[in-house]
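According to TrEMBL, the protein has these features:
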DOMAIN    229-373  domain 'GAIN-B'
DOMAIN    377-632  domain 'G-protein coupled receptors family 2 profile 2'
SIGNAL    1-18  signal peptide
TRANSMEM  379-404  transmembrane segment
TRANSMEM  416-439  transmembrane segment
TRANSMEM  459-482  transmembrane segment
TRANSMEM  489-512  transmembrane segment
TRANSMEM  535-558  transmembrane segment
TRANSMEM  579-602  transmembrane segment
TRANSMEM  608-631  transmembrane segment
Amino acid sequence: MTHMLLLYCLVFLLPTESCRTLCQVANKSKEMSPRPQGVCDGVCVDNSHCSQPCPPDSQGNMGFLCRQKKWHKITETCQTLNAFNIFETNLYSIQPLGGNTKVDEYARKPETITDRLMQTCPKDLSCVIRNIQQSPRIPGNIAVIVQLLHNISTVLLTDVDVAKMKSYSIMANHILNSKSISNWTFIPDRNSSCVLLHSVNSFARKLFINKYPIDISDVFIHTMGTAISPDNTGKNFSFSMRVNDTSSEVTGQVLISRDELRKVPAPSQAISIAFPTLGAILKASFLENVTVNGLVLSVILPKELKRISLIFEKINKSEEKRTQCVGWHSLESRWDQQACQIIQENSQQAVCKCRPSKLFTSFSILMSPHILESPILTYITYIGLGISICSLILCLSIEALVWGQVTKTEISYLRHICIANVAATLLMADVWFVVASFLSSPVTHHSGCVAATFFVHFFYLSVFFWMLAKALLILYGILIVFHTLPKSVLVAALFSIGYGCPLVIAAITVAATEPGKGYLRPEACWLNWDMTKALLAFVVPALAIVVVNLVTVTLVIVKTQRPAIGSSMFQEVRAIVRISKNIAILTPLLGLTWGFGIAMVIDDSNLAFHIIFSVLNAFQGFFILVFGTILDPKIREALKGRVTSAKWISRISENLSTDFSGHPTKGPS
C-alpha cells in the first residue's frame, strides 16, 4: 500500500496538501530524526562551505560559509510558491481511491507560471495576487516573483492597460516591502534586483495612456503617466512615499521643461515610477558601499527628450555628506555619475539635471561616506588666503624697493624675475579664488563663473610653471655653464614657460569642455571632474612639475653635501645645515607642498591630510615672503642700506632745515 501511494504521488505530480500528507504518513516509519535547521554538521574551518535543507514547509536549501569559527548564511533558495499553489483556484484535485481522478490538462505538459497566468486571467493578471500577497517574503519566493515579473514583461508586447499595471504593481510591491530588504542579500542571483528594475520599466513602457492621466499608487511603488504634446507648458510628476513603516514621507519630482517638450511628436506619453526602497535593495543585492539617499525615479519618455530635471528630498539630511546625482547603468548594473550632474544642493534636497537614454532610465542620489567640508578647513583657507595676499603684496613691494641692489649680476637678475613672477601670479590666483568663492553657483552666475574659473586655472598654472622655470634655472646653473646664452634669450624663455604654457592649457580646456557644459562643477566655480575630467588639466601639469622640482631638490642636496677633502666635523654639520636651508627655501618656492595632494587622492576621507594641505598651500604666500625674501641675506643687506640711507637723508634734512632757519648769535658783552 505504501508503494502504491508513493507511485500515485510521483506519476501525477500532485503537490497538494492531501498527497503530501499521505506520502509523509507512508514514509514516517522510514524517516530519520530531522536535523536542526540552520546548523551545519562537522567542524567549522575558515572558508569552508556547507549546505542545509530548508524547513519542511518549503523547498530549496541554505548555503553557509565558515568565518572566524562560526557558520554564516550566504545563500538561500527556500520557497513556498510554485506553479501550482500560486494561483487562487486549485485546478488540481485528487479523488478518493477507486474513484475517477480529474487532472487538469496543464499537468500533462510542462508549463511555466507565466504560461498558465496568460491563459487563466489574461485580462488583469489578478489570479495570482492573493496568494503572492499571503506568501512569506523569503529569498526563494522573491526570486520566483522576480522571474514571474520578468517573464510577464517579456510575453506582453503591447496592450498593457491600467488593470494589468495595477496587478503588476501589487506583485512588485510585495517584494519591494522594506521588511524584505535583508532577504535580498541571500538570493544566489545577485542580478535579481536589477532584473526587477528592468522588468518594471519594460512593462511600464508598454502601458497605453488615453487622454486621462494615470496614477497607480502602492506603498513601495508608485506609477504616474500622462499624455504630452509640444504645446504643453511643462510637465512634472510629484511623489511622496515612506521608506519604511516608521519614517516620514520622502518626496521626489520629475520636471520636463517646455523647451524639451517642443521636441516631442504630438501623440506622445510620459511615465514615471518611484521606488522608496529599491535603492537599499540594490545595495543589499550587489553589496556595494554606496547609500542611496532618496527615491529611485524611473522615467519612460520619448527618445526626443534629452534632458530632465529631478528634485530629490534627502533621506539622511546630514550636511557633512557629499551628494552625487547618478543614473542606473542598465548594462553594467551600477550607479553612474555620467548620466547626471548636480545643479543645486542644500541639507534638505538636491536638484539634478539628467540625460535619459536606453542605458539610463532610473535615477537617484547617492550619499558619499567622505567628508564634504569642515568649518576648520574653511577658516584655515580664508585666514590663510588673507595672510597670503598681504604677504605677497609686501613681498612685491620689497622686491621693487631693493631691485637695483639685488639684481646686479645676471644670475641674481634671473632668479629675482622668477621670485617676483611667482609672487605676482600667486597673488592674482588668490584674488580670483576669492572672487570665485563669492559667486553662489554656476547656475545663477554661469558666465561669471566661467570667467573666474578660467583665471583661477590660468594663474594657478602660472604659479606652477614659474616654479618650474625657477627649478630649470637652478638645474641650468648646476649642470651647464651659465653664460652660454644671452640674458634676453633666457628671459624670453622664462616668460614663455611661465605664461605661455598655462595660457595654452587653460584656453584649450575651456574651448573643449564649455560648449558641452562640462567646464564647471555643478556645485562650485571650479573645473569639472564627474563629466569631462577637466580637472586633469590642472592636476597633471601640477604633479608633473612637483616631480621635476623634487629632482631639482635632490640635485641641490647632492651638490651641496660634497665636503671638501679633509673636512672636519664642523664642516659636515655646516653642510647639513646648508642642505636644510636649501630644502626649507625650495619647498615653498617650488610648490612641493602641493605633493600632499597625492595623499588626499589616496585617502580622501582623512581630515588630517586636508588640514595639512590647506595650511601649507593657503599660507604659501606667507612662506614665499619669509623664505624667499626676508631670509635672503642680500635682500636684508639691501634693506639695511635703504634704512641707513633713509636715516642719513633724514638727518641731513634736519640739519639743512636747522641751518636755513637761522641760529641766535651772541652779541658783544
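For all residues, glycine too, the Cβ spot is worked out from N, Cα and C.
Sorting each residue of the domain 'GAIN-B' (229-373) by its DSSP state yields 16 helix, 73 strand, 56 coil.
Through the fold, the transmembrane segment (379-404) approaches residues 416, 419-420, 423-424, 426-427, 430-431, 433-434, 611, 614-615, 617-622, 624-625, 628-629, 635, 638-639, 642 of its own chain, all at least 6 residues removed from its boundaries and within a Cβ separation under 8 Å. For the transmembrane segment (608-631), the partner stretch with the highest count of Cβ pairs under 8 angstroms, out of 416-439, 489-512, 535-558, is 416-439. Sequence-distant contacts of the transmembrane segment (489-512) (same chain, at least 6 residues past either end, Cβ-Cβ under 8 Å): 414, 417-418, 421, 425, 450, 453-454, 457-459, 461-462, 464-466, 468-469, 472-473, 519, 527, 532, 534, 537, 541.
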